[in-house]
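Pulled from Swiss-Prot:
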type	residues	note
ACT_SITE	T8	active site
BINDING	G165, D168, T171	Na(+) binding site
Amino acid sequence: MPVKFDATTIIAISHNGENAMAGDGQVTMGEKFIMKGTARKVRRIYDGKVIVGFAGSVADAFNLEEKFEKKLSEYSGNLQRASVELAKIWRGDQQLQKLEAMLIVMDEKEMYLVSGSGEVIAPDDGILAIGSGGNFALAAAKALKKHATQVSAKEMAKTAINVAGDIDIFTNHNVIALDFKEED
């Protein structure tokens, strides 16, 4: 049975021309115990030009991240095209259909949620969230975008994960947040 990141929270935010993504560090084995508190579920790929965050089975998420990076190379860094092509092969391959993970991918201009059922979703409001604490983080991010307009996208993402961590028992406060302003 693969180890799952079901109990995780990932959020991506576009605000005032900035894009940022954040995730917590908790890995829960089933619903029984915390296996690790410092996992890195948000990372840079494609020479730092793309940020990817994942929820789901650890092995499956790494497999999909690798396939996504190959698609990025194949399509010269075109995030939308790479996302659509990954979703096509993910949905069309019986072995890949068994993978249990979701990805959020972003570059400096756009972001997408990519799932195994073939969805590639771009948000209307510049916010995407996945994982067990995703709805809590999403609500926090929406409030921040509306009422704390001076806050950076990266700070909003961190705060949203921390709010989720206050509510969701499967999300911790070991937040990794990345943006495109600096190498983290």
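Note: Cβ is positioned from N, Cα and C throughout, glycine not excepted.
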Task = Check D168 (Na(+) binding site) against DSSP and tell me helix, strand or coil, would you?
result = coil
Query = With every protein chain in view, how many other Cβ atoms are within 10 Å of the Cβ of T171 (Na(+) binding site)?
reply = 29
Message = Of G165, D168, T171, which is closest to T8 (active site) if I measure between C-alpha atoms? They're all binding-site residues.
response = T171
Inquiry  = If you count other CB atoms within 10 A of each CB, which of T8, G165, D168 wins among these recorded positions?
reply    = T8
Additional residues surrounding Na(+), by Cβ distance to the G165, D168, T171 centre under 8 Å = T9, D24, Q26, S132, G133, F136, A137, I161, A164, D166, I167, I169, F170, N172, H173
